[in-house]
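If you scroll down you'll find the structure; I have some questions about it.
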Amino acid sequence: MSPFNLTSSTPATFILTGIPGMEQLHVWISIPFCSMYLAALLGNAVLLFTIWAERSLHQPMYLFLCMLAIADLTLSTTAVPKMLALFWFRAREISFGACLTQMFFLHFTSLAESVILLAMALDRFVAICFPLHYGVLLTPSAVAKAGLAALLRSFCIIFPCVFLVRRLPFCGHNVIPHTYCEHMGIARLACADISANIWYGLVVPFTAGLLDLLLIAASYASILLALSRVPSGSARHKALHTCGSHLCVLLLFYVPAAFTALAQRFGRGIPPGVHILLANLYVLFPPLLNPIVYGVRTRQIRDRVLKVLLCPTSRELR
C-alpha cells in the first residue's frame, strides 16, 4: 500500500466489544462499576467543595489534593460513561476522533497524576525536613507552577502518541476488545509495523513514571532519616501518620498502573477478560478510594467535611 493511501484506510468508527468472555455479564458488572463511579464523583466533589469553602485548608498540601481530585475525576469520567453506555445500551461504536481523544485524556491524566503525587511527596519532604522554610519555598505561585508543570510534561509526552496512531493504516480492522480506547489497543489493529508505537508507548511514559517514583522514594528516604533524629515520639508519629495517607494513595495509583501497562504488552498468558476487567478497575479504584483515604486519615479534612455538611442542618434546626 502506498503512503498516499494510508489515510483512506482510517476507519470512521471503532467498535468496542467490552470485556471479552463476559458479554453476558455486562449488565451485572455495570452495577458495581456505576456505584463506584457515582461514589467517586461524590467523594471527590465533597473534597473539592470542602477545601474551597474552608480558608484554613488553603495550604499547599490541600491544594495538591485538589489537583489530585480533579485528575481522578477526569480519569474516571473519560472512560466510565462510555463504558456504561456500552454495558447498558450496547452503544459499541465510537468515532475515530472520539477514540483518539479518549486515548489522549486517559494517558495524559495518568501521567499528570504521577507528577501531582511527586509534588505531594516533595511537599511532605519540605514540611518535615525544612519546616522553617516551608512558607518561603511552597508559595501559592510555586504550587501553581507545579500544577502547570504536570500539565505541560504530560501533554509533551502523550501528544506524540496521537500522531503515532494517526499515521497507521487499519485496512478495515476496527474492533477493539476493550471498554475504552487506549494506545496499544488501537495500534494493534493496524496492518503496518507498530514498533514505534510499542517502544514509544512503553519506554517514554514508563521512564517518566519511574523517574517520579525514584524522586518520591528519595523524598521519603530523606523524611525517614529526618524523623529518626526527632526526639519527640508524638511529633514523629504525627508526621508518619500524615505521610501514611500519601503512601496509601501511591500504592493505589502505581500498582494498578504498572500492572495494566505491563500486562498490555507482555501479559500473553493473562486471559483478556481478566486483564480488561482489571484495567477498568484502574480507572475506578483510585478516584473512589483517594478521597476516602484522605478523609478518614486526615483529621483536618474529616473535621471540615463534618462542619460543611452539618452547618446547613444546624442552621435549619435553629
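Just so you know, glycine gets a Cβ as well, placed from its N, Cα and C.
TrEMBL lists these features:
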type     : residues : note
TRANSMEM : 27-49    : transmembrane segment
DOMAIN   : 43-294   : domain 'G-protein coupled receptors family 1 profile'
TRANSMEM : 61-81    : transmembrane segment
TRANSMEM : 87-108   : transmembrane segment
TRANSMEM : 208-227  : transmembrane segment
TRANSMEM : 239-262  : transmembrane segment
TRANSMEM : 274-296  : transmembrane segment
Go through 27-49, 61-81, 87-108, 208-227, 274-296 and flag the stretch with the largest number of C-beta pairs under 8 Å relative to the transmembrane segment (239-262).
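When the Cβ pairs under 8 Å are tallied, 274-296 comes out ahead.
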The transmembrane segment (274-296): which same-chain residues, six or more beyond its ends, come within Cβ distance under 8 Å?
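Cβ under 8 Å, 6 or more out: 19-20, 22, 29, 33, 36-37, 39-40, 43-44, 46-47, 65, 68-69, 72-73, 75-76, 78-80, 83, 106, 113, 177-180, 182, 245, 248-249, 252-253, 256-257, 259-260, 263-264, 267, 302, 305.
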